[in-house]
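In what follows, a single structure is set out as structure tokens and then discussed.
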């Protein structure tokens, strides 16, 4: 039998002692006392922050929202069907954050930034907090660059600038999503990153929007964040903040971004559901008292950054649904007071066949003509006033038996202007064509046509102008001004088209 020498034993013991590494891990652990309806109550989590992420034994995550003396109220980021009473919960020590990178462009993701389009994982090396502080006053500069929507009614009378927050408000089925998606389609070639956030919508509706983006080639510069109607309330509540974090990533990289929240009414309802289940005291319309803060901290993140920060921008178009046109309800008034203007879509106009169904009279942009190119200011300056006067005169004409010639001419001009503003869906117009269209209407060139002929005439005029007078588009796009030369070219094209059109009608 071999004998071990003392010095060998000594050497082995020394090596083992040197290799010994005593690590003490401290974990903040609690126990589930109650779970159900997307809410869990936990005891034992003594040191936990508001908004901290927690992890349950079976893998589900949650966010600590209620910190009470006896327990902690957690909202679950999943169905939580496998969570058992008495199981352990671990505090992570982190606030909710998501990975961010250029690789998200062209993808459909959920509120946790996980892909749901079946095209594999997204590789990202950086991450951002879902809730970040908004840029301060010194970090911002005033809005001065236009963000073209491609819709004549908006770009001419309710202009939107890069860094602005413009609310789209109206009843259900009035074309709110169509206005937002057309704006995204119009950003093609404009170097604008778009983020479309779908909150609590039907999966079929979201699929339809994504299909439109693919067909029109818009998906290459767009990210879709989607939480469907069957998603947990927590994820519907988080989805807009996830979208904002992605848009901010590009904004701070000196890029221009556009974010659509479709729609914030459903986010507020998800937050109300969570709050009531957490036994928080309800206020007006059963919403929690801080529902204003829910939306203000989200929308204040939209900004036009100053030159020191790279002049990036984040333009927000939140959508809010009204009931029977009631804009004085709690959520609509809250969001109206936060945003820099609103585009009001009317069910009556929609049903009358005027689409987009924008009520120009009560829609407003608080940035105004600062967000328009000079050419648009020159031709569209009085169009909003003319349309408002037309609406007033039309209401009066219903009761008046006989109108003087001036009033009749004003009514005729107004009807043609309203016809001029009609546009089919997924057909945004470049600003040069908009300038030509508005000039034709406001200068009286459509007065000799029947109302039914206006759309056909304008379509042919735009094509004729593009084919025979390409200099017109070059002048507007390069100088951003409606010069005398541009006006002469446009007048020639209109006269030529009027002659051609009258010959067509005769034959």
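Cβ coordinates are placed from backbone N, Cα and C, and glycine is handled just like the others.
So that you can see what the record holds, here are the features copied from Swiss-Prot:
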BINDING   170, 171, 172, 173, 174, 175, 176, 177  ATP binding site
SITE      363  site 'Required for activity'
MOD_RES   383  phosphoserine
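Annotated features, which come from Swiss-Prot, shown on the structure.
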residue: 170; record: ATP binding site; DSSP (3 states): strand
residue: 175; record: ATP binding site; DSSP (3 states): coil
residue: 363; record: site 'Required for activity'; DSSP (3 states): coil
residue: 383; record: phosphoserine; DSSP (3 states): helix
Tell me which of the binding-site residues 172, 176 sits in the most Cβ-dense spot, judged by other Cβ atoms within 10 Å.
176
Measuring Cα to Cα, how far is residue 175 (ATP binding site) from residue 383 (phosphoserine) in Å?
23
Using an 8 Å cut-off from the Cβ centroid of 170, 171, 172, 173, 174, 175, 176, 177, can you name the remaining same-chain residues around the ATP site, in sequence order?
321, 345, 347, 350, 357
By Cβ count within 10 Å, point out the most packed of the binding-site residues listed: 170, 175.
170
Please report the distance from the Cα of residue 170 (ATP binding site) to the Cα of residue 383 (phosphoserine), rounded to the nearest angstrom.
23
Let me check the 10 A CB neighbour count of the residue listed as 'phosphoserine'. How many other CB atoms are there?
20
Recorded positions compared (173, 174, 177, 363) - the one with the fewest other Cβ atoms within 10 Å:
173
Spatial separation of residue 363 (site 'Required for activity') from residue 177 (ATP binding site) - C-alpha basis, Å:
17
Measure from the CA atom of residue 363 (site 'Required for activity') to the CA atom of residue 171 (ATP binding site) and give the result in Å, rounded to a whole number.
15
Spatial separation of residue 363 (site 'Required for activity') from residue 176 (ATP binding site) - C-alpha basis, Å:
14
Cα distance (Å, whole number) from the residue listed as 'phosphoserine' to residue 172 (ATP binding site):
28
